[in-house]
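Note sheet for the following structure.
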Amino acid sequence: MSLVLAVYGKGGIGKSTTSANISAALALKGAKVLQIGCDPKHDSTFPITGKLQKTVIEALEEVDFHHEELTAEDVIETGFAGIDGLEAGGPPAGSGCGGYVVGESVTLLQELGLYDKYDVILFDVLGDVVCGGFSAPLNYADYAIIIATNDFDSIFAANRLCMAIQQKSVRYKVKLAGIVANRVDYAKGGGTNMLDQFAEKVGTRLLAKVPYHELIRRSRFAGKTLFAMDDSEEGKEECLQPYLQIAEDLLSEAPMSSVPVPIGDREIFEIVGGWQ
C-alpha cells in the first residue's frame, strides 16, 4: 500500500521545487516514488525529468478521452533517482476547469492500477483555490503538507488549506503532517515568527525550514533537483538537510500529524500585525 502525500501551497512560493526535492530525498532513501503535478503550468516534474512532459489532458485529447486506450507509458516519464513523473495539465485558457483535470488524472491512476506500484505517491497541487477537483488528492492522501512563506498571503492560503483538510478528515483518513517554511532568508534577518504563531494556533508544526538560497533557484531552472547539482556547489549540503529531514520524518513508522483547526481572518491579521 502506497504512502500518499498531498503537497499544497500558494502559487509562486516554490511549492513544486520543494515537492521535487522531497521526492528526490524519499527516492534516495530507497522509496519508489511517483510525483503527480496538479497545476495547469505542468512544470512540477521538470526538475525530475529535465523536460516538460506530455500531460494527462494532452494524452486524453489524443484518444478522444477514452481512458481505456491509455497506458502508463503514455503519461509517465522516469527521471532522477528512478522517480516517475506525471503531469495532469489543464484546459485551454478561458475554458474548462483545472480542478476537473486533476480529478480526471486521479481516475486514470485508479484505472491503470498505479496506486499499488509505488512506495510513495506525491501529489503537487495548486493551493490558491481548493475547489472540488483540486481537493481530490486529499481523498486519497495519508498526509497533507503545506508549503508556506513567512508572509500574510501565504498564511492566508495556508489557513484555507487547513479548512479543506479539516473538512476532508471527516470522511477520509487525511491528516496534516505539518508546514514547510520555504525561502527563509537568514542572511537578511528573515525568520519564521509568523509561521510559528500560525502553526501553533491551528495545531500543527513546522515540518522543516528551507533556506532562501540561489542554488535552489538555479537548480530549478537547470531542470534538476538540488540533489543532482554538483557537490562542489557552495551551500549544497546546508540546503539538502531540510528535504532529508522531511523524508526521514515521513518514512518513519508513525509521522507526527493532526487534524488542523483553522483560525478566523481577524486572527491572521493579528499574527501579521495588521489588526489589534
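Just so you know, glycine gets a Cβ as well, placed from its N, Cα and C.
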Exercise for the section: Return the residue out of Lys32, Lys41, Lys201 that Swiss-Prot annotates for the same ATP site as Gly12, Ile13, Gly14, Lys15, Ser16, Thr17, Asn182, Arg183. Expected result: Lys41
Practice task
Which residue among the binding-site residues Gly12, Gly14 has the fewest other Cβ atoms within 10 Å of its Cβ, if you could check?
Solution key: Gly12
Practice task
Identify which of the binding-site residues Lys41, Arg183 has its Cβ surrounded by the largest number of other Cβ atoms within 10 Å, counting every protein chain shown.
Solution key: Arg183
Completion exercise
Of all C-alpha pairs drawn from the ATP-binding set Gly12, Ile13, Gly14, Lys15, Ser16, Thr17, Lys41, Asn182, Arg183, the farthest apart lie at a distance in Å of 21
Exercise for the section: Taking the Cβ of Ser16 (ATP binding site) as the reference point, list residues of the same chain whose Cβ is under 8 angstroms away and which are at least six residues distant in sequence. Expected result: Gly37, Asp39, Asp43, Ser44, Phe46, Pro47, Asp124
